[in-house]
Amino acid sequence: MNFTSFSITQGSRPQPPSTRGFSGNSFKSDLIPQSRRSHSVYGTPGSIRISSPSVPSAIVSSYSSTLSSALPSSSYGGNSFSSSTSFSSGGSDLLLGTSGKEAMQNLNDRLASYLEKVRSLEERNRELEQKIREWYEKQGAGTKTKDFSHYFKIIADLQKQIHDGNMENAKILLRIDNAKLAADDFKQKWEAEQVMRLNVEGDINGLRRILDEMTLARADLEMQIDGQKEELAYLNKSHDEEMKALRSQLGGQVNVEVDAAPAEDLTKKLERMRQQYEQLAEKNRKDAEDWFMKASEDLNKNVASSTEAIQTTKTEINELKRTIQGLQIELQSQLSMKDALEGQLADTEHRYSSILMNLQNIIHQKEAELSDIRADTERQANEYKILFDAKTKLENEIRTYRILLEGDEGKFQTSPHHPSIVTKQTETVVTPVVITNVKTVVEEIIDGKIVSKKEYPGPPEKLMI
């Protein structure tokens, strides 16, 4: 029994379930001399095959359990498969029995069938990956053919028309408000003119009453003048009668001339009295006329000053009313503009709040996807760690298996003439060193599509076989 050559092809580092296991870089140990090769342990990418006439059952059992733990159930694209392989054989049948070579051949056949099954499942996974990739390409191509740009133009035109209509409605409302304010202003002006007309009519009525009083006073004075004239005429008549009576009395007497002072002329005296009365009456008439004219002038001055003051006040009131009206019109226009701007602000806030809500939903969705990606990355890292530990354990068991095989080669030597077991105590330890380069690949997958792929080269590792 010669196990002088050991060749293995294995992935340098297990990969997460999203990639196919048992593929990647390979390492090969050719440190054992070529002259000692009789049986072989060979492998292809994704497989391990062992040929040996006899293997201890404990080693085979340990190797099968390690291989089963290193190849867990994996899933991809909705299909899953799980496999486990068990090796069992009696130690006496493998080491000391006559059918050790057949048992090892059976073991190799079962392992080959298992690896063939793994390869078929990997091929099935590749087909499913291709179908999924084609489906995503078709879906992506279908979505790209839809062009909504013309709808965006129509929406923009409709939004512009709505905005123009709103502005036109605001202008019409502003014109209506201005017309209402102008009508109210004209109504206020009419009411003010009405009040002014009533005030002027009242003033005219007052002046008419004063004129009537003045007319009555003038009539009274004229009546007094007429009375004075009548009294004067009566006095003149009485004087004439008295003069006639005196003259008649003097006509029947004897004319006696007395040397004395001349008597006063009565006619002249009466004439003087009449002139005095006439002057007094004329003076009273002039005084009455002067008083009347003075009172009329004062009254006219008071009326003119009052009318002027009233007119000035009314003019100021009208100017103030016009100013108030202009300010009210400007206030209404500003209020209408404020309402229109508030409406536009509310529409803008509502539109941008909806946009912000959509963006927040998108952010939450992306955060959820990112958390899922992180969880998936952590899960893949854990699976990677488990597979790497299984790989390390498998390599250790393979190294132990090789040492045991080489030890069994020295212990058990059979003679062609004497089919007995010869025990020979030899111990050979071969510890080749294999340097592997480790490369970590991180893929970011969103909706089944690879978004980004990063490779991180690691430090070289030394494996003692």
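The backbone N, Cα and C atoms fix where each Cβ goes, and this holds for glycine too.
As recorded in Swiss-Prot:
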COMPBIAS  1-28  compositional bias 'Polar residues'
DOMAIN    100-412  domain 'IF rod'
REGION    1-47  region 'Disordered'
REGION    1-98  region 'Head'
REGION    99-135  region 'Coil 1A'
REGION    136-154  region 'Linker 1'
REGION    155-246  region 'Coil 1B'
REGION    247-269  region 'Linker 12'
REGION    270-408  region 'Coil 2'
REGION    409-465  region 'Tail'
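Residue counts for the region 'Coil 1A' (99-135) by DSSP state, with H, G and I taken as helix and E and B as strand, are 36 helix, 0 strand, 1 coil. For the region 'Coil 2' (270-408), the DSSP-based tally of helix, strand and coil residues reads 139 helix, 0 strand, 0 coil. Note on the region 'Head' (1-98): mean pLDDT across this stretch is 39. Taking DSSP states H, G and I as helix and E and B as strand, the region 'Coil 1B' (155-246) has 92 helix, 0 strand, 0 coil.
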